[in-house]
Amino acid sequence: MAEQEKQDVDNKKDALYRVRHSASHIMATAIQQMFPDAKFAIGPPIADGFYYDFELPRPISTDDFGQLEGRMTQVIKQNQTFEREEWSKEKAREFFADQPYKLELIDGIEGETVSIYKNGPFTDLCAGPHVESTGACEHFKLQKVAGAYWRGDENNPMLQRIYGTAFETADELKEYLFMLEEAKRRDHRKLGRQLGLFDFDRLSPGSIFWRPKGWLVYRKLQDYFREIEEKNGYIEINHPLLYNKELFEQSGHWENYQENLFTFEAHDQTYCLKPMNCPDTMLFFKSDKRSYRELPLRVAEFGTLHRNEMPGALSGATRVRQFCQDDAHIFCTQEQIGDEISLFLKMVDQTYSLFDLDYDIELSTRPEKFMGEIEVWDRAEAALKAALDANERPYTIHEGDGAFYGPKIDFQVRDSLGRSWQCATIQLDYQLPQRFELKYAAGDNTEKTPVVLHRALAGSLERFIGILVEHLAGVFPTWLAPVQVKLLTITDDQNDYAWEIAKEYRTHGIRVEVDDRTEKIGFKVREAETQKVPYMLVIGAREAEAGNVAVRSYSEGRLGNMTPDQVRDDILEKVKNRTLDVEIQRSKIATAARSAEGTGDDMVDRGY
């Protein structure tokens, strides 16, 4: 992308940030009018809009949005100027004396002064920035109300969080609201049931109940990941799910990750369900004497993992407690890091091109809570930067977002609705090899400690399938579709012919169903389309007599009459090449994001 284009995109993002930040203050102004005794917490811009947290004298609901939006509109029409002032902390404490959350924020600010923003009668503790006046925020919409603990701590008071969104133009707002409706239509939880892929049950919250068709998609994806890893020199292991807590004490997870562990007592010992494959893969490396000739040693494991996510954080297949990662760990030397990251980048490109998924790259650095020495972290971060630069990959730096054991490269995937999801990742780790005292015999007959690269292409397979369902609107390419072809007979006279074709197709591994019910053909076609079957083969008396079928493609419509062998060969060719034979319906938001490819995006939905 040209430098001027990148600058234009950056300016656009900065302007949108200001609009949304200012809209949160406008909403707070309206809340102050409705509830003079309201207590105000924080109101930042976020990925798709803004929110503000309040303590109010009564519960607020979407039924209040009409009045609240009306008051916001009046504030906007008044075109109130946003004015910044710098106050002493003493003055701020006096002004916000009846605002406990503001007082707590003031105490946490370094220095003796704080930043204040005013618009009309409303005054807030805020660092900004904002638009010049409220009149620049006319294109907004309130969306929902949720509960939120103050500072995310369940021991603190529960506040009411009101979400909204705002854009610079009416067309942008209209397109965004349309995208939200389309997202509801594509919701993987809804489509998962409709297509017979998976379901959920309150008796196992945060877990997926895979139905036969969904489990087939799951296994075909897993087959792909195994294939690409095998072609690139990976070996696969399978380790237990249950470990004594000593393993996680040694790895550092007991100290840094304990709240996410499922633990229980048995036989006077504390056991944990593993939340990741990293510690036990260290045991694999340590189980034998290793030589530099084995490096890089690429070890994959499709381990079932469990993480104790909070109930409020669970969300369909995209945030679960039980899941499987296409996980791998690469044991290598410092000199091999660059080549291994280059190889992984090629695997990422190959994987996401299968589904026409774009992505942005983020480099996440040392977090506030970390393990090891700062000098080691600096070396690790420099190695990741060097690898990305060597591959000429644009990336953004996210300070403090690294794992507690090392920096990482995350891949933010953009779907057809323009939303971002964190999927692939590669993380550099000097800590675990030291904690597990991993050694290999070097070429000079000395013992050295390997470097470990943690990596995943999809991340959680459950999450990845949920993303794919929404990205593809439930229309899987032929190679991945649970049912690839459906034979639809017009009368019972064609049933034998249809079953002969089905039997022959199955000998070639084609996933086929026959609808020989005594229903009208139009009903059968509509039902097959509802199930998003790639190929529908209609068979009437003329087709049976001529030895052919009338072909309908879900993506392309009617294709005319073909012989069963022609259809078979077409399907097998698409399966062999993993052809993307579906049309990706992208929103205008997603199309605009594509035009800005390579610039990164600081405003994205976070995943794991």
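In case you wondered, yes, glycine gets a Cβ from its N, Cα and C as well.
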His329, His454 bind Zn(2+) per TrEMBL; candidate in Cys278, Cys423 listed for that same site: Cys278
Residues close to Zn(2+) site centre defined by Cys278, His329, His454, Cβ within 8 Å: Met276, Asn277, Thr281, Asp327, Ala328, Gln427, Asp429, Leu432, Val452, Leu453, Arg455
C-beta crowding around His454 (Zn(2+) binding site), within 10 angstroms: 23
DSSP-derived class (H/G/I helix, E/B strand, else coil) of His329 (Zn(2+) binding site): strand
DSSP three-state assignment (helix, strand or coil) for Cys278 (Zn(2+) binding site): helix
Secondary structure of His454 (Zn(2+) binding site) (DSSP, helix/strand/coil): strand
For His329 (Zn(2+) binding site): intrachain residues, at least 6 apart, with Cβ closer than 8 Å: Asn277, Cys278, Thr281, Arg298, Val299, Val452, Leu453, His454, Arg455
